[in-house]
Amino acid sequence: MTKRSIITIPDPVLREVCAPIATVDDDIRALADDMLETMYDAPGIGLAASQIGILKRIFVLDVAKEDAPKEPMVFINPEIVWSSEDLSVYQEGCLSIPDYFEDVERPAEVAVKFLNREGNAQEIRADGLLATCVQHELDHLNGKLFIDYLSKLKRDRVVKKFTKQAKLAGKL
Ligand code: GNR
Ligand code: NI
């Protein structure tokens with residue numbers, strides 16, 4: 001397993017749409033393991049492949065409580081097949097936008113269809129933090145970030161701050 005580095009805004013890679021995975025093979029399982037290691041190390045509760053510069057439709061997450069046993073989950077080619085009318089608000093953060101948190105409103109419950117790490121089709125119903133996290137990660141695979149749900153004023157402000165930082169670090 002290898003820890004990968006996490007890409008931050010305003011890197012345009014984060015705006016790319018990821019491509020479906022044709023076959024779930026050992027390379028994909030190794031990628032999932034690297035993503036889990038990177039996520040736990042960060043630490044975060046989710047990570048999408050585009051956040052480490054891989055433009056494939058896969059994300060990992062673990063929303064287990066800190067004192068509980070780990071519950072790593074791998075979602076390949078995920079699709080939301082149902083969303084509740086009910087909405088809920090969570091304060092979201094993103095490893096690609098470090099130390100920035102804002103409330104985001106999303107469907108409270110979703111049903112998500114995906115391939116698991118064995119390549120078998122699976123469908124789960126998610127609510128609470130898991131529902132929010134699944135939607136946040138699926139957005140990443142479509143080049144969308146949680147700041148896209150905020151006012152233009154807030155979004156522009158945070159993008160500007162990270163752009164300035166990247167320039168100072170010689171990354172732009
Ligand atoms: O670690 C993370 N925490 C989090 C909190 C609330 C809503 C979504 C998330 S996902 C985030 C990790 C991340 O950036 N995944 O893409
Ligand atoms: Ni994120």
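Heads up, the Cβ atoms here are built off N, Cα and C, so glycines get one too.
Please treat TrEMBL annotations as automatic predictions, because they have not gone through curation.
As annotated by TrEMBL, active site applies to Glu137. Summarising the annotation, TrEMBL assigns Fe cation binding site to Cys94, His136, His140.
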### Task
Check each residue in the chain of His140 (Fe cation binding site) that is at least six apart in sequence and keep those whose C-beta is under 8 Å from its C-beta; list them in sequence order.
Leu14, Cys18, Ala48, Ser50, Gln51, Phe59, Ser96
### Chain-internal residues, separated by at least six, CB under 8 A from Cys94 (Fe cation binding site)
Tyr100, His136, Leu145, Phe146, Ile147
#### Entry: Listed in sequence order, residues with CB under 8 A of Glu137 (active site) and six or more positions away
Gly46, Leu47, Ala48, Phe59, Leu61, Phe75, Pro78
